[in-house]
Amino acid sequence: MDTTPMVAPAGLLQTSLIWVAYAIAVALVFLVAVITIFTWQTPYDRSKLVTTVAIISLTSLLATVFLLPVDIALVSSTASASRGTKKDWATPERIDGILNTLKIVYYSLYSFDALLCLVVIPFAYFWYEEHDEVLEEEGRETWSTRFAQALKYTIAFIFLVIILFLVGFFVPAAAQDHGRHLDLDYFRRLLTNNKGEKALSFGLGLLVTLGTLLYVLYTGAGLALLPVSFIKSAPSISAPQLSATTASDLERNRELQRQIEMRNAGRIEAMSQKDRRELDLLLREERTLVRRQRLAAEARGEGQSTIIRIWTKTQAVFRPLKLVGGILLLLLSVILWVSMLITAIDKAANSVCKSHCGYILGHINVFQPVNWVFVKAAKVFPVDYILMAFLILFLFSSSITGIAAVGIRFLWVKLFQIKKGRTAPQALLIATVMQALIILAINYAVVNLLAPQYAMYGTQTFCQAIPTLPGAQPDCKNHKDMLRPCSESLTDPLAKDVCTPTVMSTFLNRIVLNWPVFGAIDFWAQFGFLTVFLLVFVTSLIRTPRLDLSEIDEEAQADEEEGLLASTSRRFGATWQDITGRARRTVGGQGYGTNSSN
């Protein structure tokens, strides 16, 4: 009896559930993108175009990075890990259909990301930079002139992209003679002689390499700083203590002012130069202390809504849990570092073709913790997919932390600072482009170093038992000892029929085989990543958190200046206080030089 019509719906249901889960994840990712953008950007200098582009770009990037777990899940669903065979519904036609669908989604997302990063984001950047309020008020800046200027600068980026891909068409093919004596036939079948494919692999390889350089600095530093920031989340000085200290300093300051005024009572105009300079200094210090006092009051929730006060208290209550979470993340970072080091050394020592094929490893020769965890977790569906999504999200968050800590720099010159609530629109757009490149490097690191076996073949296994019938597929249902995990080097003809590589691993293998120079740079850069992590990790553990009052004062002054220009609500509040004749309990940017209840 033919069971194909019965098993086909089962396979369709399983693959459909995976795609539905991905769609739900993308919807959640959109909410995360909205919250992230509004949290990091400055509230006083916003552009609707920049905000919209940043949200769409971040959503697209996260959707791209979450496609790898879907890739692994779909490929793994075609095989039975307990028997080492393809499932009954997983015919070659069905498998080709799954892979083609994945390729379409991959190409669509990466093409959209490229369009955003190379056209839309540069246009939004220049559109924002071309805005001049003075010219707009004078009528010399119109929508059309602003659009034309932004478009003119954006075209330069488009020409650079065209030149980049033309190089991919005309650069000679990488020499493959070095690896003819090696067993790379399986990988060569993944390649095509199509010039368009070759140009695409060149462009993608170049972007992966550029992303790897950013990944080494920012993700390497962020992977160490993110857990430490949780552990050291407790402030150096509490808000009540800062408020009490500031109140004491403010009282001392005003007492000194009164002494000077009493010494010069009746002759203020004839005050000595020394007293005048001292009084001016005390007045400036008073304004700083008032701003600091306002920040301390806001940190305590004074003058805020009930929800804000409850949230402030809740953060303080759950701070010990944040400490425990930081310790767990720190342990995870160390495990990731050790796993990457093990795989990197293993590849450098035992690669089948060294730099000629991007240090492809036949099979893992040393116990590797992360890959082992994923293989074992795959026995309980869908734990392994959840862990993979968490791993990618952790690396993505580490990249954000690294960019925020290091800033956007050109060599040693800091161009933009990334801070919560203080990120300029230009910095937001540049950081989004950097994240797009870093995501390519994260995919490379996961597939080639963190979980090479799992990321390439998922939970697929093949059976080395002797087939019961000539030409039949061997079944290890009763021979568990004959099960072998699929690996990068497939010399067994039966394994080649069972093991299907993920689309992402195929992309990356195509790049390193067509362009070995990219594979060599990307591989050896991983040691730079490990070095950066180690240096930042040791430094962050040794350094103690310090209270930077000057930074607090600068931020308070910036808030005040921006508030005087942009905050209409404060102006209405000040008017209402003038009408009622009563000041608020917490100074909200007004009342400099006045004695308050604080």
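Any Cβ shown, glycine's included, is placed from N, Cα and C.
TrEMBL: automatically predicted annotations, no manual curation.
If one looks beyond the transmembrane segment (16-37) by at least 6 residues along the same chain, the residues whose Cβ comes under 8 Å of a Cβ in the stretch are 51, 54-55, 58-59, 62-63, 66-67, 70, 73-74, 77, 382, 389, 400, 428. Among the features that TrEMBL reports, transmembrane segment is placed at 16-37 (among others).
Within its own chain, the transmembrane segment (49-68) has Cβ neighbours under 8 Å at 22, 25-26, 29-30, 32-34, 36-38, 41, 102, 105-106, 109-110, 112-113, 116-117, 120-121, 124, 127-128, 388-389, 392-393, 396, 425, 428-429, 432, 435-436, 439, 442-443, 446-447, 455, 502, 504, counting only residues six or more beyond its boundaries. Sequence annotations record features per position, and here TrEMBL assigns transmembrane segment to 49-68 (among others).
If you look up TrEMBL, you'll see 104-128 (among others) marked as transmembrane segment.
The transmembrane segment annotation in TrEMBL covers 153-175 (among others).
Cβ atoms under 8 Å from those of the transmembrane segment (199-226) belong to residues 110, 164-169, 171, 329, 333, 336-337, 394-395, 397-403, 405-406, 434, 436-442, 444-445, 507-508, 510-512, 514-515, 518, 521-522, 525, 528-533, 536-537, 540 of the same chain, restricted to positions at least 6 beyond its ends. What TrEMBL lists as transmembrane segment is 199-226 (among others).
Long-range contacts of the transmembrane segment (323-345) within its own chain (CB-CB distance under 8 A, at least 6 residues past either end) are made by residues 223-224, 226-234, 361, 364, 366-371, 391, 394, 445, 448-450, 452, 523, 526-527, 529-530, 533-534, 537. Marked as transmembrane segment by TrEMBL: 323-345 (among others).
As annotated by TrEMBL, transmembrane segment applies to 385-412 (among others).
Per TrEMBL, transmembrane segment is recorded for 424-446 (among others).
Note on the transmembrane segment (523-542): residues 212-213, 215-217, 219-221, 223-225, 228, 333, 337, 340-341, 344, 347-348, 355, 358-359, 445, 448-449 of its chain, located 6 or more positions outside it, place their CB under 8 angstroms from a CB of the stretch. The feature transmembrane segment is assigned by TrEMBL to 523-542 (among others).
Residues of the same chain lying 6 or more positions beyond the ends of the transmembrane segment (424-446) and with a Cβ under 8 Å from any Cβ of it are 37, 40-42, 45-47, 50-51, 53-54, 57-58, 61, 64-65, 68, 113, 116-117, 121, 124-125, 128-129, 204, 207-208, 210-212, 214-215, 218-219, 340, 388, 391-392, 395-396, 399-400, 403, 408, 415-418, 455, 504, 508, 522, 526, 529.
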